[in-house]
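Take a look at the structure set out below.
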Amino acid sequence: MHLHLTIMGHRINLKWWLHFSLLGLLFGSALGEVRYVLPEEMQRGSVIGNVARDLGLKVTELDSRRARIVAEGTSQLCALDTASGNLLISQRIDREELCAQAAVCILQYQLLLEDPLQAYSLVLDITDINDNSPVFAAGEIRLDLVESTVLGRRFPLESAHDPDLGTNSIHEYRLSSNEHFALEMSTHINGNAYPELVLKKALDREAQAGHILKISGIDGGNPVRSGTASIHIRVLDANDNVPAFSQRVYKASVEENSPPGTLITALNASDLDEGVYGEITYSFSHMSDKVGGVVEINPLSGEVRVTGLIDYEEASSHELDVQAKDGGGQASHCKLIIEVIDVNDNKPVIEIKSASANVAEDSKPETMIALINIFDLDTGSSGRVTCTISDNVPFKIISEVKNYYMIVTDGLLDREVQPVYNITVTATDAGSPSLSSVKVLTVVVNDINDNAPSFAQREYNANILENQPVGTFVMNVNAGDADDGSNARLRYRILKDGESEASAFLTVNPDTGELFTARLFDYEQLVHFQIKVAARDGGDPPLSATCTINVFVRDQNDNAPAVLYPVQSGGFVAEDLVPFEAPRGYLVTKVVAVDADSGHNAWLSYKIIKATRPNLFVVGLHTGEIRTVRVFMQDDEPKHNVVVLVTDNGHEALSATATVSVVIGNGLPVLSELFEFADESQESDNLTLYLIIALSAVSSMFILLISGVFYFKLCRRGYVYRSTTHSLPVFPTTYYPTSFTDFSHCGTLLNDERYDSFLTTGSWRGDFRFSSNTDTDTLKKRSAAYQKSTLRRASTDRASLKVRPGALHPCYVVK
């Protein structure tokens with residue numbers, strides 16, 4: 001009983017060995033090897049077998065573990081469908097092209113899976129089908145026979161060639177019907193059968209000088225294929241002897257890559273005939289085109305020489321039929337076997353089967369980067385290969401499967417230190433001399449967000465001039481990030497402080513870090529504020545950093561001086577009394593003004609711009625004290641109005657005016673203390689003026705130093721003033737007798753209500769209080785008491801302005 005296994009439309013004749021093949025398949029699978037038997041010439045896309053099922057793998061593993069079919073030194077003729085696990089035909093499979101006349105045609109493949117790396121051997125046993133017809137090398141076979149040839153003489157004929165094997169190869173030969181010849185089979189020493197023409201009836205040249213026969217070669221395939229050739233026989237006069245070789249089989253060897261013209265061997269045949277019948281010519285019979293381009297035989301000498309490239313890897317031996325033919329047409333044959341000697345002429349082959357051009361910098365140790373297949377087409381020691389990679393890289397090479405190497409990580413990667421690695425893979429064989437191959441694998445380290453942004457400084461200082469419009473540029477803060485791509489793309493924002501509104505004072509460009517004002521600033525209301533700016537990268541998860549911005553508002557001269565005394569409101573002008581006998585330099589009163597600005601914008605100077613009588617009064621440039629320039633005369637008006645201009649020291653100076661009304665009275669006491677104090681005060685004022693002039697002269701060279709010194713001198717001037725006045729008696733600036741009661745004619749105060757005013761430096765910040773009335777009879781006693789009193793400072797920042805009961809006042813206050 002015959003069983004037939006059909007694979008995709010082809011039939012394979014399986015007899016008793018079918019169950020052995022199945023057992024071999026199961027046994028091979030258990031050892032990590034699967035063998036598939038399939039016929040040649042299957043259509044592309046045909047299913048060879050289900051690899052997943054035969055190896056006991058899950059179909060889902062094929063995708064997750066990146067399964068793939070790799071071939072070593074051969075073309076890829078099959079492919080893996082990872083969705084189903086089927087092994088498919090991807091290219092035409094021609095057994096004769098792949099394995100020529102080899103009895104067994106085996107293709108070796110590897111099924112590779114990663115994570116972890118595993119390799120399974122896939123063996124494809126290609127069986128022959130009858131896809132080739134027998135072919136005679138020569139369409140015509142010519143024989144010269146003498147008419148005296150004895151009956152039964154055999155004449156070897158050229159065999160037909162059929163690339164197929166087994167039953168598909170030559171099965172029989174048939175000769176066309178004739179009277180003189182028959183066809184019989186004979187066998188070469190190597191076991192190959194060939195036809196021989198046997199003479200059955202004597203030849204008669206005179207009766208028939210030539211014969212034409214037809215020979216057919218028939219194979220045993222299904223369907224049967226055949227090939228034919230014609231035999232032309234010429235009958236000649238007697239040729240008694242046939243050429244004879246000294247041996248039926250010759251063996252020779254030659255190194256591969258031998259240059260053309262290299263002598264391989266010399267064949268020798270002899271013929272006992274003389275003359276033309278003894279002349280022997282040599283030729284190859286039935287030689288393929290591939291072998292015909294490699295060697296040739298000299299037809300006269302029988303020398304066999306190299307004519308083309310002899311490659312051991314292409315064919316390790318060549319088997320040739322040689323024919324020796326004499327001039328009479330008699331021929332004999334021998335076999336020549338040429339062994340090719342392998343030399344180390346092939347460099348190792350490096351094939352990258354799988355490679356990740358990118359690797360994350362946080363990859364764990366022994367993460368696979370590349371899978372490499374290395375082999376050498378040479379044999380023996382020339383085919384043994386070792387593989388190494390370049391030093392000083394955080395990678396190493398390991399091998400768990402023969403001829404396959406994995407490049408894995410061997411340390412921590414840091415893209416910020418080195419973003420790209422060029423790994424040099426070197427494969428060296430053990431031949432002499434050894435040959436090596438080099439391949440460079442470029443690996444790019446992918447960035448992860450492992451670096452937070454960083455500012456150049458933890459704190460920045462910025463200055464803003466007050467009254468600048470909204471949107472004014474303040475400063476630019478820049479942060480850096482050592483990462484790459486989106487991980488280094490920074491966005492800036494101002495952090496909100498729940499207890500402060502300062503975060504709303506500025507805005508930030510989220511891409512550039514430029515800060516702009518979001519409101520108007522007034523130095524007199526806000527001098528300094530602090531915000532925090534955060535820089536956040538685009539990584540996942542994002543990282544951030546913060547810095548502190550100290551913003552200082554710079555003063556601008558936007559406030560004019562304000563006169564505190566004398567009061568300039570509601571049309572009211574306070575009047576100051578001065579005795580007619582007052583000497584030169586007598587202190588009449590003092591203009592008190594302040595400026596809400598700071599620094600040099602708040603430095604005030606005083607100047608009389610208008611007076612009832614010019615050159616009668618003078619005002620201190622920086623003190624505001626109004627003094628007499630000369631003694632009063634009879635023709636001087638009893639009342640004088642003095643207009644004082646108060647100017648600050650800003651770049652664009654602002655000013656205010658104060659109108660002082662001075663009344664000259666007879667009989668008022670002249671207080672010598674005021675005069676003496678005035679001289680001393682005047683000297684102190686002159687000294688301060690000189691210091692200011694001196695300091696201004698060098699301010700362009702030492703602006704910061706001079707600011708400190710100037711501040712110190714101003715403080716010292718205040719200290720001198722307080723020290724000087726501390727020991728002076730307290731006295732009324734003027735005295736109003738009862739006749740001057742209600743001098744302003746307002747009539748709101750009683751005759752016996754009098755007040756004294758005491759003014760000191762900074763008195764604009766003090767309190768103004770009214771006391772109870774006092775009796776005029778106690779004037780002299782009260783005056784004596786005042787002479788023993790001293791000026792007192794209410795506080796370091798604010799001086800007091802007080803009216804004490806019973807004190808004499810320079811003016812009546814009328815509302």
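Every residue, even glycine, has its Cβ placed from backbone N, Cα and C.
According to TrEMBL, the protein has these features:
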- 1-32: signal peptide (SIGNAL)
- 38-136: domain 'Cadherin' (DOMAIN)
- 137-245: domain 'Cadherin' (DOMAIN)
- 246-350: domain 'Cadherin' (DOMAIN)
- 351-455: domain 'Cadherin' (DOMAIN)
- 456-563: domain 'Cadherin' (DOMAIN)
- 578-675: domain 'Cadherin' (DOMAIN)
- 689-712: transmembrane segment (TRANSMEM)
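Helix, strand and coil content of the domain 'Cadherin' (456-563), in residues and according to DSSP, is 7 helix, 47 strand, 54 coil. Counting residue by residue with DSSP, the domain 'Cadherin' (38-136) contains 16 helix, 38 strand, 45 coil.
The average pLDDT computed over the domain 'Cadherin' (351-455) stands at 89. Mapped onto DSSP classes, the domain 'Cadherin' (137-245) shows 3 helix, 54 strand, 52 coil. When the domain 'Cadherin' (578-675) is classified with DSSP, helix, strand and coil residues number 8 helix, 43 strand, 47 coil.
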